[in-house]
């Protein structure tokens, strides 16, 4: 993968998929600026400690990022067992706010990679709602929209992964045509990460056991990270506006 001298920002860098993505990117010559609320235990070229759940924390992080970058990997996220407002803020509103704010810093030919989920696969059932939310400009404005269009707490994780997929696909081509910056989603299935058990709790034993029979095993974080890194590389320069499942075939079993 051609990543030498590319300067890439990775959120959620201190654990799981984010940490593995940073390792893969650096192994291929990229310069990695990590962002996380927790201190990392891996080697990075730079690190910004930040809380991405509110605009003030995001603005503080942005002020410490380079003026020119080549990519943004939005990997920070919280499971559906977290407070529903936190899920909305981190997994969607904050991600969108950060991405829109740093777009002007991403150089032509750059790439944005958003980590969605196979749990967002039912986005067509709520397409118009997701498009409407995606058109809302601003973090607090998004919160206001959600107050008018509340999401059931037990469904919030799936809902905001759906919303992320729709926003990414709707927005990607307009940005690419105007700035030559691509945006795509990577949709993991179950992954061996520190929060895997949280997803088991969120989905329940019945759904978890049903899905377990559909795949050989959960993914290892580096298997997802390799695809994220590829989407930042020159070799993927003509891929834009798609959502790529990295799930060992899980999504295909629902066809």
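Cβ atoms are placed via backbone N, Cα and C, with glycine included.
Model, not experiment: these values are computed from the prediction.
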Which of 36, 70, 211 belongs with 12, 13, 14, 15, 16, 17, 51, 52, 77, 157, 161 in the NAD(+) site listed by Swiss-Prot: 36
Residue 117 (substrate binding site) to residue 14 (NAD(+) binding site) - Cα separation in whole Å: 20
For residue 14 (NAD(+) binding site), nearby residues of its own chain (Cβ under 8 Å, 6 or more apart in sequence): 34, 36, 38, 39, 40, 41, 42
Separation of alpha carbons, residue 157 (active site, proton acceptor) and residue 12 (NAD(+) binding site) (Å): 17
Conformational class of residue 16 (NAD(+) binding site) under the three-state DSSP mapping: helix
Maximum Cα-Cα separation in Å among residues 12, 13, 14, 15, 16, 17, 36, 51, 52, 77, 157, 161, which the record lists as binding NAD(+): 21
